[in-house]
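Structure, as structure tokens:
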Amino acid sequence: MSDSYSTTDETTDSEAANSTDTGTEARRPGETLDETTPSIQEIPERETVIEATDLTVHYGDVEALKPVNVRLPEQEVTAIIGPSGCGKSTFLRCINRMNDMVDAARVGGELRYRGTNVYGDEVDPVALRRRIGMVFQKPNPFPKSIYDNVAYGLKIQGYDGDIDARVEESLRNAALWDEVKNQLDSSGLDLSGGQQQRLCIARAIAPDPEVILMDEPASALDPVATAKVEDLIDELAEEYTVIIVTHNMQQAARISDKTAVFLTGGKLVEFGDTNRIFENPENQRVEDYITGKFG
Amino acid sequence: MTGSSSSSDDARTDGDELARPEGGDHVRTDGGEHANPFATVGDDIERKQRIGRVFVAVCAASTLVGIVALVVLLADVLLEAWGWVTLEFLTYPPSRFIENYYPGGRGAGIFPALVGSILLIALTAVFTMVLGVGAAIYLEEYAAESRLKGFIEANISNLAGVPSIVYGLLGLAVFVRFAGFGESLLAGALTLTLLILPIVIVSSQEALRAVPDSQRHAAYGVGATDWEVVRDVVLPSALPGIMTGTILSLSRAIGETAPLIMVGAATSMFRAPIEDVSGIPVPDLFGPFAAMPMQIFDWARLPEGDFQHVAAAGIVVLLSILLLMNATAILIRNKYETR
Ligand SMILES: Nc1ncnc2c1ncn2[C@@H]1O[C@H](COP(=O)(O)OP(=O)(O)O)[C@@H](O)[C@H]1O
Ligand SMILES: [Mg+2]
């Protein structure tokens, strides 16, 4: 799969193929894909943050992830899409070792973060999770004040700077500050669902991780809140590497630079620039999935 | 619904699928008289409803039996005790002479047993909180799912059903004799701890299980260690539930008599189990003690008729403490349930 990591050549090839046959079919899902010249071509290839090598996951005897090989670039938004149950969350949870919490889960192969296998003996998952923040599908603020929610990560990580300032900065970056600045002491649970999710994003970015994992962060939100979170993800990508699972293909097309497509059986079928994946997928089943023939 | 739409179908010209019947008008022009549109829906609903009503009546009657029995019992005790629960009764040691219990007499009452029971429960509370909550946290938060864990949990549940006299025997063998605590407050408290530990563990486990995993994941996600997750997220959320379960178990323990008889608690004591250590009263952990249920039993078997009133007064005091504890448990539960 990593071989489909788009190089300039490949993109040009698929462009040509695209304009001849499957063009209109493949382009249907996203309005943002109007321009025929993908802009990625000018951007130099980014450094790899996360690299999976033959990464597999079994739940008991059930194989949830077939060997995954992929390299995820830094400071970009990578979208993980695919039908439900295809292993998107499972893959995401491998990255910060949240699968450790699932008794039945067994991880095989390697997952490297900046070159270090996070499943190596010397890696403490707690330290790993301090570098890799996570936002979950359902907003899950602590039943504490808004302030304490954001400050929690700073406190347990022994942050020795100005916590107040960091809380404010994080809330600003999460586009929530103006809405909550006068009620920092009230419970995080009193916020609306969309605000709660942005609070969770603020909590995740407060300790300044390098990577932020998001598992369908907008799926429990209404369209307005979803739009806000999407805008936010766009901004976050300037500072952080964002890896986001979504079942919403329009969303993936709108917000991501790279897209990884998992299909049923836990197989990473295609990975590459979002524009190319949506305009001209190499794999027929990916095309069928993207054009809505199944899934 | 079914009936009215089918009758309007009849009136409608064929093929005119989109035509909207004008509400009731259509139905009325059809027949003038309303036919029951539900006449043919399912089988004998009427009969089933009757069975349902009988069932509700039986359930209500069952509830009533319990409540009536309780009210009669309470009324009986309260009438017996009326006028006998005085300040003297609460603050004086017991006496063999009934005159001393009369209002205006020299004063006699339940004081040593009251203090004994309160100390007993306080000690038991400390021990069960540490052991019970500790065990529950270990089983729920740390121990991996395994056959051994399942086996242990099943046995804890079984222990909850073991008769209290058996715990008394165990306490006698282990704490009184083997550990050498003698027939003391400490031995009594440890025995009661064993008695309610299974219930406290099970109810604490339930409280811990009720904390959603999403909360744990949120804390792990920002780099919390196992211990930090338990301390900052799981325990604060589960504490009301744990407290409720523990207090309810303690209020069961305070009425226990059999295990205390086994560990040799005094049936009646003149002195409260309190020592004076340079002016400060401290519980005498290793000294003898009496507890309320045994004191009540002691009074109840005395031949003089008026001692029945004294026993009833003791019961009222015991029940009051019990009610107080249960009310506390309910308050805690209600206060945190809204969160
Ligand atoms: N904790 C678990 N125990 C057992 N099987 C699981 C567990 N979590 C997920 N699975 C299974 O692994 C597969 C992939 O699940 P998941 O990664 O949640 O898919 P997705 O996020 O793409 O919907 C599914 O078949 C699911 O049933
Ligand atoms: Mg998922």
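From the backbone N, Cα and C atoms, a Cβ is placed for every residue, glycine too.
If you look up TrEMBL, you'll see B:9-33 marked as compositional bias 'Basic and acidic residues'.
Per TrEMBL, domain 'ABC transmembrane type-1' is recorded for B:114-328.
Per TrEMBL, region 'Disordered' is recorded for B:1-39.
Residues or ranges marked as transmembrane segment by TrEMBL: B:54-75 (among others). Within its own chain, the transmembrane segment (B:54-75) has Cβ neighbours under 8 Å at 319, counting only residues six or more beyond its boundaries.
Feature annotation from TrEMBL assigns transmembrane segment to B:110-139 (among others). For the transmembrane segment (B:110-139), the list of distant contacts is 89-94, 149, 152-153, 156, 185-186, 188-190, 192-193, 196-197, 200-202, 204-205, 207-208, 230, 234-235, 242, 246, 249-250, 253-254, 265, 268-274, 283, 285, 289-295, 313-314, 317-318, 321: same-chain residues at least six beyond its ends, Cβ to Cβ under 8 Å.
A Cβ distance under 8 Å defines the sequence-distant neighbours of the transmembrane segment (B:159-178), meaning residues of its chain 6+ beyond its ends; these are 184, 186-188, 190-191, 194-195, 197-199, 202, 256, 258-264. The transmembrane segment annotation in TrEMBL covers B:159-178 (among others).
Annotation comment: TrEMBL describes B:185-204 (among others) as transmembrane segment.
The annotation transmembrane segment is assigned in TrEMBL to B:310-332 (among others).
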